[in-house]
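In Swiss-Prot this protein carries:
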- Gly174, Asp175, Arg176, Gln177, Thr178, Gly179, Lys180, Thr181: ATP binding site (BINDING)
- Ser378: site 'Required for activity' (SITE)
Amino acid sequence: MQLNPAEISELIKSRIEGLTAGANIRNQGTVVSVTDGIVRIHGLSDVMQGEMLEFPADAEGQPSYGLALNLERDSVGAVILGAYEHISEGNTVKCTGRILEVPVGPELKGRVVNALGQPIDGKGPIDAKMTDVIEKVAPGVIARQSVSQPMQTGLKSIDSMVPVGRGQRELIIGDRQTGKTAVAIDAIINQKGQNMTCVYVAIGQKASSVKNVVRSLEQAGAMEYTIVVAATASESAAMQYVAAYSGCTMGEYFRDRGEDALIVYDDLSKQAVAYRQVSLLLRRPPGREAYPGDVFYLHSRLLERAARVNEKYVEDFTKGAVKGKTGSLTALPIIETQAGDVSAFVPTNVISITDGQIFLETSLFNAGIRPAINAGISVSRVGGAAQTKLIKNLSGGIRTDLAQYRELAAFAQFASDLDEATRKQLERGARVTELLKQAQYSPLPISLMGATLFAVNKGYLDDIAVNKLLSFEHGLHGYLKDKHAALLAKLEADKAMDKDAEAELNAATAAFKKSFA
């Protein structure tokens, strides 16, 4: 049999002309069951862990997305992000080939978004130029730089006793209604003018509470540099679980470009509960307190992303666009304890991951000592290196004074006659405790904080009644702002006190004390 070359070319031409190129065939599957926001899907063979899955659109035509979490032999377990009432057995599910992403960038500042980065504040769409994946590997050891710059919270008790540095993870832990959120909000308000972008992640809170926080930030002028990510109690467990990672990615955008960012997770106890719910519905085996086995990894992979990265990392990331700058992401995770039990599963996990903790106690809060910080067991493991010279030199003995005062106060209840040294220690402790009280939404600059600590150390307050100390402090601050503005500006700029500044502050405090009645 002979082949004619002309026939072969004709055959090839006809084949090419008759070819119909359709759309790319995407991996598709079928919904087997839908229960409590968990969907079992059959037929997805090429799906990735954490991949976004596309479900049928809802009644308004909005596409629904889910997250593939369980990859089993003959089915895939996925959680629906958002409403799932319109999804039924037999629906078609498509792979997107993308890991879950959220919008990032400066366009998000001043806005309130949900866990997927969609605006929920009624101010119109967000014109974000970029998106980024929510799950990322934390910077390695070589990419990091040690914490050496302060992150001022504006709270006397924290900045003097448990200082926080840029790139640190400092846990705020305490029972309900002890002022945990108030401490974090004050820290955000104090970042005004400090070139710090703040991200506030509200997990499992009442919508009214989130609204109050946003209102407080707006009144303080802090919303212009803050992004609020809200997954309220009315939203699905999947959204509450995802929200923290979304917020972290938004904060990392600034860290990786040589800027500083602060992120508050309020609170991680509720995130762990949401993750437990999702895991149990996916039929993963429960462990201690019914949490899944990877609940430690849930928080460690999140909090390890808060770091201070070195100049080379920033330069490599921006491909040379930003040179000679380090970036940082500081985390203030919040954990709620039950009746002060810090030995529960989630609190111990987060304490072991973070670089220190601020303990807030109900008894102190009820006694009117606010912020209700327990000085004895609150620590900052790396913040000491970041503390400003001014505060470091002036606050040396305060922590010891307070710890000894609490110990002695317990004994003094039983002793009728006390020796002179003990009495003096008790009086000093009472004065220091009174002076560390601070009203909410009124963080102090370091110059005024330094003036207060200076007055304590030099004994100017020893003969003033304890109940008049806060009015003395308020008056002193007003006097210094009025008559010694240059001195305050110098202290603020230098962040240290030389001999001349000390002499001027000494004279100013003495002069004010004479006029104080």
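Glycine too: its Cβ is placed from the backbone N, Cα and C atoms.
A map of Swiss-Prot features onto the structure.
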{"residue": "Gly174", "record": "ATP binding site", "DSSP class": "strand"}
{"residue": "Gly179", "record": "ATP binding site", "DSSP class": "coil"}
{"residue": "Ser378", "record": "site 'Required for activity'", "DSSP class": "coil"}
Integer Å distance between the CA atoms belonging to Ser378 (site 'Required for activity') and Asp175 (ATP binding site): 15
For the ATP site given as Gly174, Asp175, Arg176, Gln177, Thr178, Gly179, Lys180, Thr181, which other residues of the same chain have their Cβ within 8 Å of the site's Cβ centre? Glu336, Leu360, Thr362, Phe365, Ala372
I'm trying to understand the geometry here, so how far is the Cα atom of Ser378 (site 'Required for activity') from the Cα atom of Arg176 (ATP binding site), in Å to the nearest whole number? 18
Gln177, Thr178, Ser378: which of these recorded positions has the highest Cβ count within 10 Å of its own Cβ? Thr178
What is the Cβ neighbour count of Arg176 (ATP binding site) at a 10 Å cut-off, with all protein chains included? 12
